[in-house]
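*Asks:* As listed in TrEMBL for this protein:
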| type | residues | note |
| --- | --- | --- |
| DOMAIN | 44-512 | domain 'Amino acid permease/ SLC12A' |
| TRANSMEM | 46-66 | transmembrane segment |
| TRANSMEM | 78-104 | transmembrane segment |
| TRANSMEM | 154-174 | transmembrane segment |
| TRANSMEM | 186-203 | transmembrane segment |
| TRANSMEM | 236-254 | transmembrane segment |
| TRANSMEM | 275-295 | transmembrane segment |
| TRANSMEM | 333-353 | transmembrane segment |
| TRANSMEM | 379-396 | transmembrane segment |
| TRANSMEM | 408-432 | transmembrane segment |
| TRANSMEM | 453-473 | transmembrane segment |
| TRANSMEM | 485-505 | transmembrane segment |
């Protein structure tokens, strides 16, 4: 059923003979597969931003506030952001060194164990594919902020058609769509950050300079599950679990590696600026949310508990609740409108990553061979078609009570996100070991991660602890529930089963450090970059060129 990649792998160059001159002309390919490198610098930078900012940053971050209080939220998000920076440090070095299609999925199979790559690919694909219908359902929910009469089926069909069209043509159209959608996310963040600062110093209809009032009353730390010091610590853990499903990024950026122009330059810049983005977007959001609203706000508690309508919409956003508390009437509508674009962008990104992860599985023989088929524009069309079957699950929302099935599926797969980071850190440790064994000086690599391999070890231990412990409440006296147990630990069980099952069937072995393939697609990428003759402007230059400025800039070509 499955086949080896070696059967289909193309050489990095082809030769054709000119009939009139009998001269052979070399044509250098973008990749050893059929994807095309069409994503420019500005698109990569905004994809990096769009891939890290989701609906949780604006809405469900409030669950961390309720559980941990403003200080617990700040500490939880700060610590988790630091850990994500360590994961980013690992992914950056590998992706910039070997920017291949499938990214960390295929690296896991090449440098750790083929079975590890099999597990990584299906873990990532299932998570991405199931999230698409969930985001469509969230979009429907957000639109009810304005009206309950919008046909659910019409929104679902529109999303499915748009996602398919955006992803079915050249990848540059996906990049262009994400550029503008991610720009909307950035504007939304800037709006809520400015709202926080201006209103806290008294710039609101009530002229109330409330500052850090809510850090004092009701308090900096909330109690969760139990009371006292233990309850405050458990509240902090609740904020960490909230951060675990809000703070993302390096895995999504790595997935565009095989379709990026000048990947070693553009990806390097995008990964390096990720550290600043993590700090600004996530830690900044945690600070702002803890300022604008108390963790015991009655409206917030009613909405998040489900006793009041609006859960999952802009109404559940701590910013919108704060706006209404202060008597601000226009901003909630602007926030909801930009939230619509944010949710649509998330579904679009999941569609892209789902199709590319399935394509990566097919390249390595972990999915059916026919999935390697690409259009002339470099789109894995059959992978996209299969991925587009999953959004149809959103029609469950049209059936009363059936939407619970969709929510249940997403809950079952939530641990898959943390498992991705465990895979990245583990793969890096094998990569680091292989570099040492083969005498490769990492300082000569296009990007050399700092504080390695300790950075990878710290992040690995942290992520393993989080994925094992985040469902600990299930084991507390009086809290046991089989449904909750499987919600927390289904993927923790399935992932090892995928690994062991493929290992038993295929008899795979762990890759020896001295035998790890560190050459792989390097000749293809080197040849492509050496002959790249298009203009390669910086991010801001490219932005200015969009508006007709700096058109006469001299191209930097590599002969």
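Going from the start of the chain as shown, residues are counted 1 onward.
In case you wondered, yes, glycine gets a Cβ from its N, Cα and C as well.
Give me the local environment of each listed feature.
*Replies:* Distant neighbours of the transmembrane segment (333-353): 47, 50-51, 53-55, 58-59, 124, 128-129, 131-132, 135-136, 138-139, 142-143, 145-146, 159, 162-164, 166-167, 174, 177-178, 181-182, 184-185, 187-188, 191-192, 252, 255, 313-314, 317, 319-320, 323, 384, 387-388, 391; these residues of the same chain sit at least 6 beyond its ends, with a Cβ under 8 Å from one of its Cβ atoms.
If you look at the transmembrane segment (453-473), the same-chain residues 6 or more away from its ends with a CB under 8 A from one of its CBs are 83, 86-87, 89-90, 225, 237, 240-241, 244, 415, 418-419, 421-422, 425-426, 428-429, 432, 479, 484-485, 487-489, 492.
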*Asks:* Look at every Cβ pair spanning the transmembrane segment (379-396) and the transmembrane segment (236-254), keep those 6 or more apart in sequence, and say whether at least 3 of them are under 8 Å.
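*Replies:* In this chain the transmembrane segment (379-396) does not contact the transmembrane segment (236-254) - fewer than 3 Cβ pairs sit under 8 Å.
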*Asks:* Are there residues at least 6 beyond the ends of the transmembrane segment (275-295) whose Cβ is under 8 Å from a Cβ of it, and what are they?
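*Replies:* Contacts with the transmembrane segment (275-295): 48-49, 52-53, 57, 61-62, 64-66, 68-71, 73-74, 76-78, 80-81, 84-85, 88, 189, 192-193, 195-196, 199-200, 211-212, 214-215, 217-218, 222, 243, 246-247, 249, 318-319, 321-322, 325.
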*Asks:* Using a Cβ-Cβ cut-off of under 8 Å, list the residues of the same chain that are 6+ residues beyond the ends of the transmembrane segment (46-66) and lie near it.
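*Replies:* Non-local partners: 39, 72-73, 76-77, 135, 138, 175, 178-179, 181-183, 185-186, 188-189, 192, 222, 238-239, 241-243, 245-249, 252-253, 256, 270-271, 273-274, 277-278, 281-282, 285-286, 289-290, 293, 295-296, 300-301, 304, 312-314, 316-319, 335, 339, 342-343, 345-346, 349.
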*Asks:* Take the transmembrane segment (236-254) and find every residue of the same chain, 6 or more past its ends, with a Cβ under 8 Å from one of its Cβ atoms.
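*Replies:* For the transmembrane segment (236-254), the nonlocal Cβ contacts are 44, 47-48, 51-52, 54, 56-57, 60-61, 63-65, 67-68, 72-73, 75-77, 79-81, 84, 87-88, 91-92, 94-95, 103-104, 124, 221, 224, 267, 270-271, 274, 277-278, 282, 286, 349, 353, 414, 417-418, 420-421, 424, 466, 470, 472.
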*Asks:* What mean pLDDT does the predicted model reach across the domain 'Amino acid permease/ SLC12A' (44-512)?
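*Replies:* Value for the domain 'Amino acid permease/ SLC12A' (44-512), mean pLDDT as a whole number: 87.
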